[in-house]
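Reading through the structure tokens given below for one structure.
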């Protein structure tokens, strides 16, 4: 077929495959609510509003603000589109499941792997950043930097392995703490904001013109990246068609408010522009002013959000790896739990070992932070574009299918979002002054994944039980509607 998938390999899964993806859902957990999804979205994303986004201010306050608005609206349209798709077909694996359904098996495999690698790299960047925060407060930890990373991974993975009600309560605590600190920051310092005195005036509205705007544009994604990861939770929560869309949309709206507030307050406080654009922790000056503490002590207030982001992204890439492994696209051992533990231990540990190894590379290689971020955003933009295309396809081909939620922007919103992701890809490929290293790294990864797929994965891949369950309505719908060509292999396999 056009998907290079031999029909003989499409076989029902054995009972050994029919196990829960993780222990985040089960008889000992509370009934999952939209609040749980909101809290998980906050923990995944909120760390990016504490650090790194301020580097975009090197292009000027107006340029950075415009980038944030454009990117925020693109994420909003993407979130609304994905919420509609989840209310119709709640795929485990997020972009992977949707792409495999609408764009073909090979593209689905690439999307799943690219998104997992993106999250693994984000965890690496966040862990290294957390290490820098702690060594800022306690310089003696510099000699034990690697130990700090290791302990961080152990704590984050341990929370996921415990799972159940404990995990969800812990996650809610992290979310409320992280966003609570931001609220105190924004509300408590609102009276001290003086844009005229601290934002740099006209001289710092636009710096470097269009070239600098293009170069810094991807940095605005730090405010929102990760919100799409909630779609990987479809196999983990009760009633995903309802809980995920509601929680995801409210979370996105929350992030838009906090992003705008943090941006305005930060540039309106001393030391202001241009100093704030190079700060490791851009919120520290405000914390020092608000709580009358030293800058080193103020750094500690950013640690809960940074750790929350680490744990959230670990959960996201573990879910994607598990979904890929359940379809035999990756070694099936990555799908299995261990010694009766309900969580996919091998997926969590395997991804974390890779991320931990990248920490050493990031730490010792100069300027690798920027390259890793560019690769992450390149993969993210590709995945976002694929999701928009998948949304448009299903929106037009399956108009009669029930949807618990419909995006108010419809196809137009998906197209607008897709244009922003294409613009982001152009800014990464052509305007980063990195001698195209980011593009070379990303291309090399795609080539390796392509060789693996065509030499190994396509000969053993199958349909997971989750895919069969989710696509059953499509199978039933074929008695009323003709089957679109991209979905027909699923229907035939059923």
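Glycine too: its Cβ is placed from the backbone N, Cα and C atoms.
TrEMBL does not curate its annotations; it predicts them automatically.
TrEMBL tags one of the stretches 109-132, 469-492 as transmembrane segment, and that stretch is 469-492. Within the chain carrying the transmembrane segment (371-394), a Cβ under 8 angstroms from the stretch's Cβ atoms is held by residues 52, 74, 78, 81-82, 84-85, 88-89, 95, 98-99, 101-103, 107, 111, 114-115, 117-118, 121-122, 124-125, 218-219, 221, 225, 228, 358, 362, 411, 414-415, 417-418, 421-422, 424-425, 428-429, 432, 434, 437-439, 441-442, 445, 484, 486, all 6 or more beyond its ends.
Within its own chain, the transmembrane segment (437-457) is flanked in space by residues 4, 106, 109-110, 113-114, 117, 328-330, 371, 374-375, 378-379, 428-429, which lie at least six positions past its ends and keep a Cβ under 8 Å from the stretch.
Stretch with the largest number of CB pairs closer than 8 A to the transmembrane segment (406-431), among 59-82, 170-192, 204-227, 248-269, 345-365: 59-82. Segment contact is absent for the transmembrane segment (298-324) and the transmembrane segment (59-82), given fewer than three CB pairs below 8 angstroms at sequence separation of 6 or more. Proximity of the transmembrane segment (142-163) to the transmembrane segment (204-227) is not established, fewer than 3 Cβ-Cβ distances being under 8 Å for residue pairs spaced 6 or more apart. Taking residue pairs at least 6 apart in sequence, the transmembrane segment (248-269) and the transmembrane segment (170-192) share three or more C-beta contacts under 8 angstroms. Below 8 angstroms of C-beta separation, residues 53, 199-200, 204-208, 212-213, 215-217, 219-221, 223-224, 227-228, 231, 248-249, 252-253, 255-256, 259-260, 263, 267, 273, 384, 387-388, 391, 407-409, 413-414, 416-417, 420-421, 424 of the same chain, each at least six residues beyond the ends of the transmembrane segment (59-82), sit close to that stretch.
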